[in-house]
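A short worksheet on the structure shown next.
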Amino acid sequence: MAEDLQKKVAELKDQGNRALTSGNTQEAIRLYGEAIKIDPTNHVLYSNRSAALAKASNYELALVDAEKTVELKPDWVKGFSRKGTALSFLGRHEEAKMAYEEGLKLDPENQQLKDGVKDAQAHLTGPAGSQPIGGNPFAAPGIMKRIETDPRTKGFLAQPDYMEKLKQLQQNPQALGNHLQDPRIMTTLSVLLGVDLQQAREEDMDQRSSPPAKDEPEPMEEEEEEELTDAQKEAKEEKKKGNEAYKKKDFETAIQHYDKAIELDADDITFLTNKAAVYFEMDRLEDCIKESEKAIERGREVRSDFKLIAKAFFRIGQAYFKQENYKDAITYYNKSLTEHRTPEALKKCQEAEKLRKEREENAYVDPEKAEEEKALGNDLFQKGDYPNALKHYSEAIKRNPQDPKLFSNRAFCYTKLAEWQLGIKDCDECVRLDPKFLKGYLRKGAILQAMKQWGRAQDVYSKALDIDPNHQEANEGYKKCLQTMSQDPEEIKKRAMADPEVQNIMSDPAMRVILDQMQNEPGALNDHLQNPEIRAKIQKLMESGLIQIR
């Protein structure tokens, strides 16, 4: 396309943006149409006209333009958002849901599309599977609290005419068209929908997103419709230069450009957060924190997007994390998550919490105090005061978590209190810390005996005997388990069937026939013993205790 035609398209588009921003939707539609006649393959023009048509309540044509947008640029998420919006306005919520889901295939983390799916689903099912619900944002639950807590709308509640209009809209959302020129109503709608209907922002800034309400379309492409002053345009150029210098790790130059951008446009806090990012890379962490704090303070003053505020809090958290100040890092990660929940902030917060816990535990370690607590626990144990002995053993473990003797003592205490599983857990920790710690096996064997789990107890005593074959307690425990199991048919069967070789023998159909024959015809045993393979299997079953021959 010739350069003069490109300029004409850009001029018409800008005029359309201004008309739409001022509420003159018909003029905006006309101007976008003129631009489309010159450049019929420009997907942004169709997208913007779709937004204007939706605002004019011409949802059928809004859908046509949205579908054209998708046709021209099928990899552009905004096209599916426009399509979902138009379908939602038409009450075709199932199709709207599908459109939003198609967009999510391109951008799975797009919150606006996620909210669109959620909103469409709500219209389809209603609460708890009831009939489809309506889409009046002014009648949604809890709106008065949202209006009261938002600084942009809090003061409106004291104005009688505003309250009267709000009441009308709660009863009849179609009356919104009569109040579009009232900035208070538009601000309220922005708060309720979670979108900025008054001004646009750069596309590279995170946007507050929410599913579109029935009475108002979502904003247009912010990058395309934003009206900038000369100073703001110059500030954007400085930011771009700063970003380029940052990528080259020319940090001093990057700071110079960001400082210039801040001078030109003090209301755009991305310049401050970008500068903070430079300081972070330079390890000037205190400066990083200060710049981020400036961004938060300024952002509150000019009502910046809450996601930008979240980024500034996250940046402070990152600086504290780098300083290994995990306590403050967690505080600011949580502040960031309060503003806007992101997987990155959540992951870093969890990581900081883990590191802080490890540090606190390590700082608490004191082997001398552990011995003092152990002595107190032993004294109380001897007196039969097991609950209080348990408290001192637990404190000793906190003071020295690498000492297997402490876990052994507490396991013995748990045994006295019949807390078998807790005792086993401590015994396992004993032998994890020291695989040769004999008492850990003995304690566990005794607990399993008390639980009448003779097979498991025998295995544990066997491991103890591997360490010390002559240990009296281990030998006695092992023999008791054998004796008990030989007298308990169920235990014998259970243990035998735990042996894979026995399982294979018992699952062999031929062996089952032979065993049945041996039971009914005792004389058949001699014949079967002539076969070496069958004789070996019968011997294995006899050794396991599963069969006896008299």
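The backbone N, Cα and C atoms fix where each Cβ goes, glycine too.
Taken through DSSP, the repeat 'TPR' (9-42) splits into 27 helix, 0 strand, 7 coil. The repeat 'TPR' annotation in TrEMBL covers 9-42 (among others).
Feature annotation from TrEMBL assigns repeat 'TPR' to 77-110 (among others).
The domain 'STI1' annotation in TrEMBL covers 140-179 (among others).
What TrEMBL lists as region 'Disordered' is 200-243.
For 218-229, the entry in TrEMBL reads compositional bias 'Acidic residues'.
Feature annotation from TrEMBL assigns compositional bias 'Basic and acidic residues' to 230-243. DSSP labels the residues of the compositional bias 'Basic and acidic residues' (230-243) in these numbers: 14 helix, 0 strand, 0 coil.
The repeat 'TPR' annotation in TrEMBL covers 235-268 (among others).
Note on the repeat 'TPR' (310-343): residues 206, 269, 272-273, 276-277, 280, 283, 285-286, 288-289, 292-293, 295-296, 299, 349, 352-353, 355-356, 359 of its chain, located 6 or more positions outside it, place their CB under 8 angstroms from a CB of the stretch. Under the heading repeat 'TPR', TrEMBL lists 310-343 (among others).
Annotation comment: TrEMBL describes 370-403 (among others) as repeat 'TPR'. In the predicted model, the repeat 'TPR' (370-403) shows an average pLDDT of 94.
Taken from TrEMBL, the feature repeat 'TPR' covers 438-471 (among others). Tertiary neighbourhood of the repeat 'TPR' (438-471): same-chain residues 404-405, 407-408, 411-412, 415, 418, 420, 423-424, 426-428, 430-431, 477-478, 480-482, 484-485, 488, 491, 494-495, 498, selected by CB-CB distance under 8 Å and a gap of 6+ residues from either end.
Here the domain 'STI1' (499-538) is broken down by DSSP into helix, strand and coil counts: 32 helix, 0 strand, 8 coil. TrEMBL lists 499-538 (among others) with the feature domain 'STI1'.
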